[in-house]
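Enquirer: The annotation active site, proton acceptor is assigned in TrEMBL to D376. Residues annotated as active site, schiff-base intermediate with substrate in TrEMBL: Y461. Taken from TrEMBL, the feature 2',4',5'-topaquinone applies to Y461.
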Amino acid sequence: MNLKTVLILLVLALATIFALVCVLLTRGVKPASCEPQPLSSQGGKHSDQSLVFADLTPEEMGQVVRYLQRSLGVPLVDAYNANPSDNCIYYIDVQIPTKAEVLGFLDRGGRRPPRQALAVVYFGNQPDPNVTEYVVGPLPKPTTHQDITVQKYGGKLPYHRRPVLGKEYEQIETFLRKKALSTAPTFLHQVFNYDGTSFVSLTSAPRGFQSGDRSTWFALFHNVSGYFLHPVGLEVLVDHSSLDVSHWRVRKVFYNGQYYGDLVQLESEFKQGRVKVAPVTRAPPDGGFSSMQPRAAPRAPFPLQYEPHGPRYSVRNNQVVSQAWSFAFGVNVNTGMRLFDIRFKGERIVYEISVQDATSVYGSNCPGGMSTRYMDGSFGIGRLTYSLVQGVDCPYSATYVDTHYLVETDTPEKHKNSICIFEQNTGSPLRRHYSNLQSLYYGGLTNSALVLRSIATLGNYDYVWDFIFYQNGAIEAKVQATGYMTSSFLYGDGLDYGNRVGDHTLGTVHTHSINYKVDLDVGGVNNTLVAHDMAFESVQAPWSPEHQIQRPRLTKAVLDTEDKAAFRLHSNMPRYIYFAANSENKWGHQRGYRIQIISFTGEHLPEASLMERAISWGRYKLAVTKRKEEEPTSSSIYNQNDPWTPTVAFADFIDNETIVNEDLVAWITTGFLHIPHAEDIPNTVTVGNGVSIFLRPYNYYDIDPSIHSPDGVFFSREQDSSACEVNHIACLSKSASCLPILPPFTYDGFQNLTRL
């Protein structure tokens, strides 16, 4: 009998012993059911009122498309195949009713607001091409549409501001391959052994230097797995501003530190021996060092978590309800996750919390890199939210929810299992104390939290978006970055702009900034912004006047105008800033919720930049303004391709209005500086690359509400801590089954892919 056979028999024997132990442990004891318990026994109740915030259903999307096709009076081409000179529907999303309408319905028994859709239409086939936004309704069978473009933006939307369609990217790829690159056959063959398919391009943005420009630098990479790490040193500036694709042309070419008028000139100078060549070995199909294939075989399974008695939360329609929390959720096509009507123990804390935009500003000595300022909302954070992998992206036993979109197509698409909800045990106590003085006891509470998660893949980067709800009434909005860095070709003074991570690969320095909208309603709609901090004061010791004591004291201030409530990104800010209610807790303090920001942002784009106003929300780590329906978002999808005349300039929101006893909104920026390094290969890990904002109760309650959690543990020295009636954790071995019943593994992430 050889060693391999012996090992196999040993593993089988151990598995059999383990199974027998499980049977013995659970014999005579009813195992815990992993099926969800009735919600009434869990503490919360669902309400169909949450549907006032619900995303559109596929059926509603289809109805809107059919209505527009017969009502706009112009031919509409399916955006999937639309040329720039065509009319098409870009996307359709739900139109959230005004807050006054919603609160009248939710809180005062008013009528349900009519359900409506927002439709964005490209009109390329007319004398004055433009983008028009319509509100269409009522649903499910629309009968009217209203052009809200001028009302919403103060004017028409010029056509050059439109986000680039997948079809346009495909046409650019075809232009590069068939027209542009074909003019430099000798150079491409001798330097790259180019075969017509060995390159893939990556867009930069914005696309020029002034309003109306639509010229984009496309950097070329080897067409392999993880191509973001395989630049070849060739970049092409394509002018695709004309609505006639046949008029597109190359404006400039960059290769290995040198600029050329076009590829014809590069070919000519190469033949004359005047091109400095940097030989690049073609990467293997799996990418080699960029491959995410594991370098080790699987061994013992990684730890899993499961609910011994099934989930302690419930999901119905667009609402999540747990023992303490309830909220409505949805996904905006452009900006991703958004939550509404967040309540703790039945009391609304937040009306809305939503992602507004995410930007990345790059540095490089290559043109594509140095000109890149991505505004991810323009590419579609929500539409690029794909299927989640059980056991990796989320706990295996999480609840998974599908999302539906109608973007760049006339047919709704489903991204299966693209949102997950789960309760996690963080592995640490929320609070605890071991008393070894006077009375002897232990008291503690596990830090279990309810999590709503989605993950958006925007080209190279993956953003993990979490909304986390804690037992003490705190809310955390967290984002973690992973995926691939975007690299530049390493030449010349490249190391001034990042670190070398491959033979010809420069990991380029860049920033990540994320902006959130937080509409807190603390004890009601009208709030005041209050700042608490500390300062040292020198006083004479009352018992010894000849000596001084430096003692910290509490400082207090009401921030009564928008200007006072706007804190620059790297300025000092009071460490306790909170929304104060018009009510007091038991101890006479204004009830409040504090805003706490966890961030290590890089520098904001200098205001001298002509495009800075398009991302001017990034000037501020926190800005609190009076809530206005006409200021619904801090950014716009149209800012990316015309940042020089931004459609929405957040800086204009701050105009020194009074914010005392008003309905207030906090606009919060968090982010981090990323200087790529060797350990970002093959791609960036989430550890250390996460930032968040916390909303924490501050005198909102009379005591910590988590003291009422049924998960608490307490026993004294006089008690038997192993007895079930004393310590419920001691019963786990009797009440929990050996292994949870796991659903079969499925994954549908390779369906309905969005083109970039």
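Cβ coordinates come from backbone N, Cα and C, glycine included.
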Enquirer: Work out how many Å separate the residue listed as 'active site, proton acceptor' and Y461 (active site, schiff-base intermediate with substrate) at their Cα atoms, rounded off.
Expert: 10
Enquirer: For Y461 (active site, schiff-base intermediate with substrate), which residues in the same chain are close in space, meaning a Cβ under 8 Å from its Cβ, but six or more apart along the sequence?
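Expert: Result: S360, A481, T482, G483, Y484, T684.
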Enquirer: Inside 10 Å of the Cβ of the residue listed as 'active site, proton acceptor', count up the other Cβ atoms and send me the figure.
Expert: 26
